[in-house]
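Colleague: Below is one structure. I have some questions about it.
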Amino acid sequence: MAATNEQLQQAVESFFLLFNGVVIFLMSFGYTLIESGGVRSQNAGHSLFKTLLILITSALAFWITGYAFAFGGNGNVLLGTRFWASEGLGARYLHPGVENYTTSNNVLKLNNQDPYINYFYNYMLAFLVTNIAASAFAERCRVPVYVLFSIVMSGFVYPFLAHWMWGQNGWLGAVVGARDYGGSAIIYLTAGVAALIGTIFLGPRFGRFEPRTLPLFGHSIPVTSVGAILVAFGFFVLNSGADHRITGKAYGDRVGHGLVNTLLSGATSGATYYLLQRVIESMGEQARHLKRRVFLSTVNSILAGMVAVAGGAVAYNPWSAVIIGAIAALSFLLWSKLLIKLQVDDPVETAAVHIGGGLWGIFAVPIFRRTVGPNINGGFVEDVFNSIIYRISAGESWRGLLNSLCTAAVVMAWTAVFVALLFLLLKLLNLLKVSKEEELRGIDLFQHGEPAYALRIYCAACGEQLQGKTIEQEATAGGVRTNFPTIVTDAEGEPKKANCICSTTSDYFQHMCSMICVAIVPIEYFSERNGSTGSANGTKVKSVNEDNRV
């Protein structure tokens, strides 16, 4: 028997949501790669393990309570009340007489999608929020913190916000009338605020701000770039699929607008930030090693533009996305410099990206939103929305700004309170931060017992045990493998030229020596360029300030 139009529509909508959920999964791991490449080599494995841990714990937390709080049946204005541990989800016996309970006008309100695919998609959003926020805790956070944090975020904090905005009777969306189509506030601002609060409680990494402000550079631009590609791919899908529908002329049009607007906003934000940063740098003579991490920061500015446009990517005209992206770059730059000024150590600028982009993004919706919208059958409806650009004299247009202000205040307050309570408790129990020795010599070895890279890669920050032997033993035993680089640095990252094997090379390699005092380098790197296998006397030189190496 041939499939009916309704069955075909259900198959298309279900596959569309399924594809979006899988891409969001890849997007989350893209954030992990950005974090892993943006931190020092001795902590790269910890960043990867953190994501696996969050995936495991958040999946269980969202299954037990998260989905029920967010989308548990009709619910009320505060929370859902059904489907605890997915009990009864998709059970047809609960809806006798309903021929197809996945259509857009039934009691489950699933936009003609299979309920379990709807569950999978919404879990991926909870995983994304949690993983983004946790990336700010890199290089100094204990493993149990990630477990408890993911339970709180995926099982409680995010689901309530999702219900309030996107639930059938949620008070922000259904009562107040606020709109956040792609999650500028509900997803990204939530993640940014959680990242900021956690980072404040954790405190800065050793050597980041004392005795002076010193960037701690990541170890792999290629890893970061691959992560950025995956994250951008995720934004294209997530922003364009904000309606969770693609069938119908109006919904197809909104998907297309979402794709183009995400591209334009990200590109404009990246270009604007790069130009602004170059202008700022040209106005003052900074020490070379104090300049910003240009690649990572430019990547983050692109992501800030995509975060900002997410709130209404399907509802903007392309010229609006360009303006939104330009302002997002400025917002990200200001937040980034503010946090550094306040000595808040965010290794990969997670808070600056998602607060700067998300906060501006939720206010951009009532300013730039198109007036045309879709009806339940996927057709166009004219004059369905009000916005300041198109109807500046209408009171409803300005009311949208108040709705956005209410949304931003609720998201920031709700997230900050519960994350602060969690981190305060963990700090009182002394379970929050790793020791100074673990931080300097590498969390990979201390917390996980295995480095992210092979033994033939030498970590200049790690002067102790690698597979039972010290670096000094490897370098001198029987004259074997004496070509370890003898990088010697003080607490401020400056090379000790009297002992450093880089002292006879060009200024460029002397600069590189100071920059990689905590990064991995191949054993042969300096020997090939210096024509030397060690220091002047052929022995391993130990830092005169070993305990303060940053």
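The first residue you see is number 1, and the count goes up from there.
The backbone N, Cα and C atoms fix where each Cβ goes, and this holds for glycine too.
Feature table excerpt (TrEMBL):
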{"type": "TRANSMEM", "residues": "15-34", "note": "transmembrane segment"}
{"type": "DOMAIN", "residues": "15-453", "note": "domain 'Ammonium transporter AmtB-like'"}
{"type": "TRANSMEM", "residues": "46-70", "note": "transmembrane segment"}
{"type": "TRANSMEM", "residues": "120-138", "note": "transmembrane segment"}
{"type": "TRANSMEM", "residues": "145-166", "note": "transmembrane segment"}
{"type": "TRANSMEM", "residues": "186-204", "note": "transmembrane segment"}
{"type": "TRANSMEM", "residues": "216-238", "note": "transmembrane segment"}
{"type": "TRANSMEM", "residues": "258-276", "note": "transmembrane segment"}
{"type": "TRANSMEM", "residues": "297-316", "note": "transmembrane segment"}
{"type": "TRANSMEM", "residues": "322-340", "note": "transmembrane segment"}
{"type": "TRANSMEM", "residues": "401-426", "note": "transmembrane segment"}
Colleague: For the transmembrane segment (401-426), find every same-chain residue at least 6 residues outside the stretch whose CB is under 8 Å from a CB in it, and list them.
Modeller: 145, 148-149, 152-153, 156-157, 160-161, 164-165, 172, 176-180, 185-186, 189-190, 193-194, 197-198, 201-202, 359, 362-363, 365-367, 388, 432
Colleague: Could you tell me whether the transmembrane segment (145-166) and the transmembrane segment (186-204) have 3+ CB pairs under 8 A, leaving out pairs under 6 positions apart?
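Modeller: Answer yes: the transmembrane segment (186-204) meets the transmembrane segment (145-166) with 3 or more Cβ pairs below 8 Å.
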Colleague: Please work out which recorded stretch in 46-70, 145-166, 216-238, 297-316, 322-340 has the most C-beta pairs separated by under 8 angstroms from the transmembrane segment (120-138)?
Modeller: 46-70
Colleague: Would you mind listing the long-range same-chain contacts of the transmembrane segment (216-238), meaning Cβ under 8 Å and 6+ residues beyond its ends?
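Modeller: Hits for the transmembrane segment (216-238): 19-20, 23-24, 26-41, 44, 139, 182-183, 205, 207-208, 258-259, 262-263, 266, 293, 295-296, 299, 302-303, 306-307, 310, 347-348, 515-516, 518-520, 550.
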Colleague: Sequence-remote contacts (6 or more beyond its ends) of the transmembrane segment (322-340), Cβ cut-off under 8 Å?
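Modeller: That would be 196, 213, 264-273, 276-277, 297, 300-301, 304-305, 307-309, 316, 346, 349, 351-353, 355-357, 359-361, 364, 368.
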Colleague: On average, what pLDDT score does this prediction assign to the domain 'Ammonium transporter AmtB-like' (15-453)?
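Modeller: Across the domain 'Ammonium transporter AmtB-like' (15-453), the average pLDDT comes out at 90.
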